[in-house]
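Structure first, then comments.
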Amino acid sequence: MKVTIVGAGNVGATCADVISYRGIASEVVLLDIKEGFAEGKALDITQCATNTGFNTKVSGVTNDYSKTAGSDVVVITSGIPRKPGMTREELIGINAGIVKTVAENVLKYSPNTIIVVVSNPMDTMTYLALKATGLPKNRIIGMGGALDSSRFRTYLSLALDKPANDISAMVIGGHGDTTMIPLTRLASYNGIPVSQFLSEDVLQKVAADTMVGGATLTGLLGTSAWYAPGASVAYLVDSILNDQKKMIACSVFVEGEYGQNDICIGVPCIIGKNGVEEIVNINLNDQEKALFAKSADAVRGMNDALKSILV
């Protein structure tokens, strides 16, 4: 199985590293516009093989999309990173043209591929990729919810002092500081609601920390995070290539689900060999429904900035 990652920056390279190390794909191609950059990252990752024991073929290319031919999954990380103080909305004008061009180029050589969008603002870039390519909605997936849910589980783990892998929790809604919705009511530790262990005040603090998780790291690092985002992409790609049918929160195109239409937004999905196999309907309470509707309105508002690009 072959995976192409467009954009060999921190997130793209980390994704390639995790996919290779875990043997998720037999071949990974890193592509970047900067001369020699993807080649260098690929060579560095390849030189880990003897110490970490993987056999994945990793190669890098400079803007040569012919080398990506036959990719089962294409991951788009291209775009400028989020800078301190920069909103996701401000990224739209810069990144939209990049994502559109990349999506069109990869489809020339991999017409049957599934595209995973990582570029920010992620929900809007996912919507752009869908509309610009005309692909079936199951083949365009935004990664955001997988990362947000991972951060939510991590903060719950810290609050509980229990292993994160024993915690089930999900974030839906837009992939933004004010639009994501950590579902504290449904979070559990080994099947037991976390509300039995944590007070409402602590749960609200966990939710708040989750919502600003990306911004917190941007402030600390001076740029966007990359380890957790890269690992989250690899987790999603694994479920696609190996038809694992995991339920993962992803930004996908909705047509009536959760009362919304004509946007890409984070909802629980079954992810398998066909991409989005199913959108899972969770019975939200009235407060959660209101938050989701508000989140959808915010995402829809950002999409308005795409009108001049999609004409």
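Glycine residues also receive a Cβ, built from the backbone N, Cα and C atoms like all the rest.
With a 10 A radius on its CB, HIS175 (active site, proton acceptor) counts 32 other CB atoms from all the protein chains. Taken from Swiss-Prot, the feature active site, proton acceptor applies to HIS175.
Sequence annotations record features per position, and here Swiss-Prot assigns NAD(+) binding site to GLY7, ALA8, GLY9, ASN10, VAL11, GLY12, ASP32, ASN95, VAL118, SER119, ASN120 based on sequence analysis. Within the same chain, residues at least six positions away from GLY7 (NAD(+) binding site) with a Cβ under 8 Å of its Cβ are LEU31, ASP32, ILE76, THR77, SER78, GLY79, VAL118, SER119. Reduced to three states, the DSSP call for GLY7 (NAD(+) binding site) is coil.
Under the heading substrate binding site, Swiss-Prot lists ARG82, ARG88, ASN120, ARG151. Sequence-distant contacts of ARG151 (substrate binding site), defined by Cβ-Cβ distance under 8 angstroms and a gap of at least six in the same chain, are VAL171, THR210, GLY213, GLY214, ALA228.
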VAL11 (NAD(+) binding site) to HIS175 (active site, proton acceptor), Cα to Cα, whole Å, comes out at 16
Among GLY7, ALA8, GLY9, ASN10, VAL11, GLY12, ASP32, ASN95, VAL118, SER119, ASN120, the record's NAD(+)-binding residues, the widest C-alpha separation in angstrom comes to 17
Whole-Å Cα distance, ASN120 (NAD(+) binding site) to HIS175 (active site, proton acceptor), is 9
HIS175 (active site, proton acceptor) and GLY9 (NAD(+) binding site), compared by Cα position, are separated in whole Å by 20
ASP32 (NAD(+) binding site) falls, by three-state DSSP, under strand
